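Student: Here it is, the structure, as structure tokens.
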Amino acid sequence: MAASLRLRAAASGFWYWSGRRRAAGLTEVCSRSMASKTPVGFIGLGNMGNPMAKNLMKHGYPLIIYDVFPDACKEFQEAGEQVVSSPADVAEKADRIITMLPTSDNAVEAYSGANGILKKVKKGSLLIDSSTIDPSVSKELAKEVEKMGAVFMDAPVSGGVGAARSGNLTFMVGGVEDEFAAAQELLGCMGSSVLYCGAVGTGQAAKICNNMLLAISMIGTAEAMNLGIRLGLDPKLLAKILNMSSGRCWSSDTYNPVPGVMDGVPSANNYQGGFGTTLMAKDLGLAQDSATNTKSPILLGSLAHQIYRMMCAKGYSKKDFSSVFQYLREEETF
């Protein structure tokens, strides 16, 4: 593994160091004056990756970008950022790369595929994967990256599209602790909280646990709201009561699933945007696999997985996961 404290000079005059000392604060990290900011590679410009990349731009980082869908790169190219034709080309031009991809298979392809990052990765490069994938896949990728003399860290996010746009994401980071400060420098420009979780894979573990709880609480909120409405309660009044009472949760007070209760959330826009039902089903599948491997009972987590899989099969796959409210309202078998 690369030395824990290193000073690297590049032709551009950029320098950075990484060590055990934590940065004094995320604001300080982002605003710190540097001799010159070298480009950062960014792979995956979907609902989350797009605003994350834009926040790096706002902090003065030139980008080397790639997405499997060329149209996703157009606005960045028009803004003067460099677009390349493969993950390997990103690795050839940048020694710090962030990936934000939908699935484990996508991540493996981006790193280890025929035109993957590892084909042209530079020694000493820092590779940060913010996808939500199987912790075991993160560990395997880390091993492959280490063989190439580079550093891999998993850093999945929480907060959704809104937090990605505002730069208030929470990053859960797994990897060699000595490299955390270098990762924090970049991640702190896209999030308000960057937390070190432990070895590679622990960031993914934290994210999987969080999303399992989120799915359960969203279903619970949808059920409670549906029941209250059918009992004659005004949905806005019920939401207000819940949010002043012990049933309050993120799904009720920040991301309410009932149309007309809140503005600026997917339920106010026919469940468009946000975090897709397909992705939630995928994350619950990761939780199920991890529970099986560790012999951990997740009774509600397993049921939530079944519900979101059924939703995908019944036309909800492209809707936000809060559309579980609509599904429960329409599903006669419940």
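Here the Cβ of each residue, glycine as well, is placed from N, Cα and C on the backbone.
What you are looking at is a predicted structure, and each value in this text was computed from that prediction instead of being measured.
According to TrEMBL, the NAD(+) binding site annotation covers 38-66, 101-102, ASN106, THR132, LYS282. According to TrEMBL, the domain '6-phosphogluconate dehydrogenase NADP-binding' annotation covers 40-198. Feature annotation from TrEMBL assigns domain '3-hydroxyisobutyrate dehydrogenase-like NAD-binding' to 201-327. The active site feature in TrEMBL is assigned to LYS207.
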Student: Could you state the CA-to-CA distance between ILE43 (NAD(+) binding site) and the residue listed as 'active site' to the nearest Å?
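Tutor: That separation, Cα to Cα, works out to 20 Å.
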Student: What residue among the binding-site residues ILE43, MET48, ALA53, LEU63 has the most other CB atoms lying within 10 A of its CB?
Tutor: ILE43
Student: Determine the most Cβ-crowded residue among the recorded positions LYS58, LYS207, using a 10 Å radius around each Cβ and all protein chains in the structure.
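Tutor: Result for the most crowded candidate: LYS207.
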Student: If I take the alpha carbons of MET48 (NAD(+) binding site) and LYS207 (active site), what is the distance between them in whole Å?
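Tutor: If we compare the Cα positions of MET48 (NAD(+) binding site) and LYS207 (active site), the gap is 15 Å.
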Student: Using a 10 Å cut-off, grab the number of neighbouring Cβ atoms around the Cβ of PRO102 (NAD(+) binding site), all chains included.
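Tutor: Within a 10 Å radius of the Cβ of PRO102 (NAD(+) binding site) lie 19 other Cβ atoms.
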Student: Reported as an integer number of Å, what is the Cα distance between LYS207 (active site) and PRO102 (NAD(+) binding site)?
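Tutor: Spelling it out, the Cα of LYS207 (active site) and the Cα of PRO102 (NAD(+) binding site) are 14 Å apart.
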Student: Give me the DSSP three-state residue breakdown of the domain '3-hydroxyisobutyrate dehydrogenase-like NAD-binding' (201-327), ordered helix, strand, coil.
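Tutor: Across the domain '3-hydroxyisobutyrate dehydrogenase-like NAD-binding' (201-327), DSSP assigns the residues as follows: 86 helix, 2 strand, 39 coil.
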Student: I'd like the Cβ neighbour count for THR38 (NAD(+) binding site), meaning other Cβ atoms within 10 Å of its Cβ, all protein chains included.
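Tutor: Other Cβ atoms found within 10 Å: 20.
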